[in-house]
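Report on one structure; see the data block that follows.
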Amino acid sequence: MAMKTISFLSIISLLALTLSLVMASDPSPLQDFCIGVNTPANGVFVNGKFCKDPKLATADDFFFSGLHNARAVNNAVGSNVTGVNVNNLPGLNTLGISLVRIDYGVNGQNPPHTHPRATEILVVQQGTLFVGFVSSNGDGNRLFTKTLNKGDVFVFPEGLIHFQANVGRSPAVAFAALSSQNPGVVTIANTVFGSNPPINPNVLARAFQLDPKVVIDLQNKF
């Protein structure tokens with residue numbers, strides 16, 4: 001009987017240890033990088049934002065106004081993204097959520113991009129959008145697309161390249177929620193061809209199977 005009790009306790013202890021290992025993880029990054037320092041005196045940033053004394057919080061810390069206003073879309077891609085995240089709504093700090101309004105001109109698009117720290121769920125308020133995302137290399141880079149109309153919803157999984165394009169005959173508007181207080185955005189064309197300093201054209205030429213002169217021309221556009 002004593003031996004069975006010991007064995008049972010051993011199993012319970014092993015399960016508890018396994019569960020603790022599964023649940024243990026590093027905190028999610030809330031900016032592109034957070035360089036470690038050896039002394040607090042050399043530190044300026046934290047992973048996220050410093051916290052205000054909760055007793056000093058007011059309703060204004062949780063308030064943002066103006067998303068009902070249309071935004072100008074007079075740029076090369078014909079869209080304008082207005083973000084509501086921890087940088088302009090402090091009350092979002094530590095809550096793991098943010099919001100954007102996206103205005104699309106006729107033929108405008110929100111070009112291929114990723115959010116390195118967030119899944120996105122998008123709802124169309126006005127117009128018709130063609131949207132999609134591409135799965136990872138391991139899944140064969142499959143393209144998932146859908147044409148959305150007013151009231152339709154689509155989800156873009158965290159970190160995957162995705163896009164939206166206005167395929168209607170009038171301006172379009174969408175709102176999206178993201179599962180991070182600061183989801184980040186990596187616009188593929190800007191990042192690849194507009195980096196500072198530029199990526200060596202020969203590297204990009206081989207990666208994209210292009211003539212280096214074409215790569216240089218693309219870099220000059222960004």
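Placed from the backbone N, Cα and C atoms, the Cβ positions cover glycine too.
Record features, source TrEMBL:
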type	residues	note
BINDING	ASN110, HIS115, GLU120	oxalate binding site
BINDING	HIS113, HIS115, GLU120, HIS162	Mn(2+) binding site
DISULFID	CYS34-CYS51	disulfide bond
DOMAIN	65-216	domain 'Cupin type-1'
SIGNAL	1-24	signal peptide
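Projection of TrEMBL feature records onto the structure.
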residue	record	CB count, 10 Å
CYS34	disulfide bond	14
CYS51	disulfide bond	11
ASN110	oxalate binding site	26
HIS113	Mn(2+) binding site	19
HIS115	oxalate binding site	24
GLU120	oxalate binding site	22
HIS162	Mn(2+) binding site	22
Relative to the mean position of the Cβ atoms of ASN110, HIS115, GLU120, the recorded oxalate site, which additional same-chain residues have Cβ within 8 Å?
VAL100, HIS113, THR114, ALA118, LEU122, PHE156, HIS162, ALA176, LEU178, PRO183, VAL185
Restricting to the recorded positions CYS34, CYS51, ASN110, HIS115, which ones have a CA within 10 Å of the CA of HIS162 (Mn(2+) binding site)?
ASN110, HIS115
If one measures from the C-alpha of GLU120 (oxalate binding site) to the C-alpha of HIS113 (Mn(2+) binding site), what distance in angstrom results, rounded to a whole number?
12
Nearest-integer angstrom distance between the alpha carbons (Cα) of ASN110 (oxalate binding site) and CYS34 (disulfide bond):
28
Taking the Cα atoms as reference points, how far is CYS34 (disulfide bond) from HIS115 (oxalate binding site) in Å?
17
Other residues near the Mn(2+) site, CB within 8 A of the CB centroid of HIS113, HIS115, GLU120, HIS162?
THR114, ALA118, PHE133, PHE156, LEU160, ILE161, LEU178, PRO183, VAL185
Mean predicted confidence [pLDDT] for the domain 'Cupin type-1' (65-216):
96
